[in-house]
Amino acid sequence: MLFARLVLLLVYLAPGSLAKPASTKKRTQWDQIAIDACAKELESHKFDTDVKGRHATLCTYEPALGSWLHCAKDVLDSRKKSKKIFEKTFSKINQYCHDYHKDEVVSNEEYYRIFANASLFIRPLDEVKENIRYPVTPNKASLDRWVWAYFGPLDNIDKGNVYGVTICLYWIGVLFIAAVYHFLNFSRLKQTVFKNKVSAFLRGHYVLPALVHNHAMSVGRWFFIGLVPTRLETLVLFGYVLLHGFLLSSYNFDHNELLSDRRSQVLIFLSDRAGILAFAHFPLIVLFGGKNSTMTWLTGIRYTAFITYHKWLGRFMLVDCTIHAIGYTYHAYIENYWKYVKYSDLWTSGRHAMIIVGILVFFSFFFFRRHYYELFVITHIILAIGFFHACWKHCYKLGWGEWIMACALFWIADRILRLIKIAIFGMPWAKLKLCGESMIEVRISKSSKWWKAEPGQYIYLYFLRPKIFWQSHPFTVMDSLVEDGELVVVITVKNGLTKKLQEYLLESEGYTEMRVLAEGPYGQSTRTHLFESLLFIAGGAGVPGPLSMAIKAGRQVKSNDSHQMIKFVWSVRNLDLLEVYRKEIMVLKELNIDTKIYFTGERKDESNTEEGAIANMSTEGRLLTTSKSAEMITDFGRPNIDEIIEEAVSGAKSLLVTCCGSEGFVDKTRELTAKRVLEHGDKWIEYVEEFQNW
């Protein structure tokens, strides 16, 4: 996606896109509220003057002006505002009275003189009904109604700004708690603190399990498919949804309806609040949608979880945008100003933003991500460009552009870090070899001593061929056991990029060399030395992560002469996979790691010919006569994961279960591990899932 990223960078650097928007300011200015509320209240009474015009009486008739100043002072004093705020009302009066004073600006000293003079003669307004000839103080109850009427709309916007920050603080709190929990992994303190029945109950019921049964495996049928969060992710999202709902439901309406009726207030207040909250989602969506290697390192939250939060934040941003758009559109119709605003830049950019974000969310459905991933990525980036630009145009005269600026800052920082990772790795040659019918082995010579990947980490590979150079996919990376300074990536052929690589290799007689770029590494390696027992479970092509981690743990045990128990279990149905990883499996055995390989290939019935008689041998016999890799197989059929986990935990005080495989395989392992956590509250059982699906 290099081209699309360059396009996005150009959009951000375009002069029009970087035009400085109006800054977001506090709207509740009490000097303004006091002046406006007092003007409304005083102008509802008749002073002894015949001057005409807006605020003419208050500006030109000194008893009225003195009343205005005293009224404003009383309003500000009741809110304990400073003398400086009171003096700001002088400049507001100068603005309102400019037409009557011509080019003359009344000084603060003159206003204080008028105020002092009025203090000598001021009376309560209730004592006179008409033709007022002296300064008066308005009825407090009547004045307060006007104060509240002006305060409500401004306070609503200010609260929206505070609530937008509140949403961000909620997620900062989530990240902080995750970071504290994660950094306990660097010591045995975590096992001491959390090794009890209460912790086991919480972890077994709410932290580890999927929401129902599926997490990695999609649910639904046909177009309506999707991924379900874990229970912990669901709890985090549920807290966010509750907070979001509360922040959309608290308003200070003017029940006296002095400035507008209740319907208009509901529409405007709700629309303003929703619009501000929508903008507050910008930095969170970009932050969680990036590769976030730093965020993962700090918090221990997997990329899959960040993408889950990214998706749900995007959906609720769409909800906020929809409320904002429908509310203002309906208000424009009922107040009969739609025809005057519908073609303005403000409304046009708002319509464009709504259309774009709707299409963006639609093409983000899991159906497109699964079946048309490259289409999804292209449309996602291009539509994001359009949405950001439309929102920028929509708000640059109003304020709230700071949210988009923060969003751009996170995006640029993420891209810079990714480019640095690519630059550090360099552009080495890679050797590609076709292994069997559905696998490609990629061997890459590391060209930089600064680049290092830990077991279980993955990289995004770019193959520099004309038709595919712009595509990248994540692959788990391993250090070669044959050549120092060489990385090994084994690719399972599916559709898209991997299919094109397979076709190119078939044209090249199964082998070729090409230059590659690598972005990463991402993910993190688990601190296996903190556990008494280690269980690595792999299914099919999900073996690289658990296998490399098992080898590293075995070497640490050997060098430290420790008594850590390590078991490696691999369920495989493809002999080609066994051949690809034969050297690594042999290393496991050399390290005396308990290795169990279960072959789940289908049994085939052949004819009863003499050749068929050989084919009708037991599966074990056929394998032993057809493959050198068959000698590594220890069992046939599916492994009993439940028994394997129970066996691993029974002889240890702490257990780490690491799993990677197909969707159903890892979901089942997660469920069974959570079950064991509940059963063994006196032991520390941790589960690490290497499989990632988004």
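Using N, Cα and C of the backbone, Cβ positions are placed for all residues, glycine too.
Quantities reported herein were computed from a predicted structural model and do not represent experimental measurements.
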Do ASP254 and HIS394 come out on the same side of the membrane in Swiss-Prot's annotation? yes
Among ASN117, ASN185, residue with annotation N-linked glycosylation site (source: Swiss-Prot): ASN117
Between GLY520 (NADP(+) binding site) and ASN117 (N-linked glycosylation site), how far is it from one CA atom to the other, in Å? 76
State the mean pLDDT for the topological domain 'Cytoplasmic' (289-311). 88
Ranking 164-184, 223-243, 268-288, 312-334 by Cβ pairs under 8 Å to the transmembrane segment (348-368), which is first? 312-334
For TYR522 (NADP(+) binding site), the same-chain residues 6+ apart in sequence with C-beta under 8 angstroms from its C-beta are LYS291, SER293, THR296, TYR303, GLN457, TYR458, ILE459, TYR460, PRO474
Compute the C-alpha separation of ASN117 (N-linked glycosylation site) from GLY523 (NADP(+) binding site), stating it in Å without decimals. 75
Once near-sequence residues are set aside, which residues in the chain of PRO521 (NADP(+) binding site), 6 or more away, have Cβ atoms under 8 Å from its Cβ? SER293, LYS452, ALA453, GLU454, GLN457, TYR458, ILE459, VAL477
